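Here's the structure we're looking at; comments come further down.
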């Protein structure tokens, strides 16, 4: 059996060497010739998998180590009888950590208290839903917009207009849909961006085209009160250099790039391939993940809640480092800039997640205990 895989998928040998030969390629350069003889194709979001890539090949199974599937032509898969799997929720916790770290940075810049802001989450799937649960656990006010879930479940969902008009912070976590009843391509265009409240913060860690980047650039040129945090970009790996300069935080599509999340994605498509082939799983992710470098954090019962929040989050991840690395990589040479974008992702340092972080409290501190629990930490 021949497996063709994106070279940046972690733990390829550990999970897949027992199935046959593995050939690795840069994800953006995968073409029909590369996959012609493959039985299994393993990709990330940078590879468009469609009729043009697969027609005439032997591919029977496609696995993507990502939550999103907008790079997969699922209609063609159905037509051609190709089975597929994504990795839902694999990097959700990493994205939540990214959002929390970004909020801490913005709060320090603006001198505001995070519990006093109103949060709007657009898209309540694996990532957005996890973020909503964390924010609710912290006791913060959260409004949620998700028309698909609202139609299926009812509940306390609000419109996008309500989010724009009432929320100080808007975090986007939608898939990219260009058609259908609820398209998300340019979900925030010029008209929507104009409705942002004074001093609003906008975070996009979903897909670049969910926000009209040209309209956002023009807004930021006109409104210094608005902060934008972008991890995803229209046309990436090419980036609008002016827009990047105007963003308070700018990063190269790494919000979900925790070590745990990336390896979890590989494990999930391994499990799906085992089901497809009808074989038992022989490899367990828990046996492959290294121990976290930070064994435990200790807090005194008198610790200020805001200080504890910042300490716990930044002990695991601080997006300011990624922002600085990204800005240093930006170049007026388009080819050099695209290469640097991909290189930052390829050589991304190991980063763990807050979830599971061991925390010891000295003394009775119910509010601190609640904060630790909301973040996903474990009291020891």
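A Cβ is built for glycine as well, from the same backbone N, Cα and C atoms used for every other residue.
Summarising the annotation, Swiss-Prot assigns active site to 207 (among others). Shown in sequence order, 68, 70, 174, 175, 176, 184, 232 are the residues of the chain, 6+ apart in sequence, with a C-beta less than 8 angstroms from the C-beta of residue 207 (active site). DSSP assigns residue 207 (active site) to coil, not to a helix or a strand.
Summarising the environment of residue 236 (active site), the number of other Cβ atoms within 10 Å of its Cβ, over all protein chains shown, is 21. Feature annotation from Swiss-Prot assigns active site to 236 (among others); the stated evidence is sequence analysis.
For 253, the entry in Swiss-Prot reads active site, proton donor. Around the Cβ of residue 253 (active site, proton donor), the number of neighbouring Cβ atoms within 10 Å comes to 22. Classification of residue 253 (active site, proton donor) by DSSP places it in coil, neither helical nor stranded.
Residues annotated as substrate binding site in Swiss-Prot, with sequence analysis given as evidence: 45, 66, 257. The Cβ neighbour count for residue 257 (substrate binding site), using a 10 Å radius over every protein chain in view, is 23.
According to Swiss-Prot, the NAD(+) binding site annotation covers 146, 174, 205, 206, 207, 231, 256. The local packing around residue 146 (NAD(+) binding site), expressed as other Cβ atoms within 10 Å of its Cβ over all shown chains, amounts to 24. Annotation note: residue 146 (NAD(+) binding site) sits in a coil segment as assigned by DSSP.
With respect to residue 236 (active site), the closest of these binding-site residues in Cα terms is 45, chosen from 45, 66, 256, 257. Residue 66 (substrate binding site) counts 22 other C-beta atoms within 10 Å of its own C-beta, drawing on all protein chains shown. Note on the binding-site residues 174, 206: the fewest other CB atoms within 10 A surround the CB of 174.
Here residue 205 (NAD(+) binding site) comes close to 95, 98, 99, 127, 171, 172, 173, 229, 231, 232, 255, 256: these same-chain residues lie at least six apart in sequence, with C-beta atoms under 8 angstroms from its C-beta.
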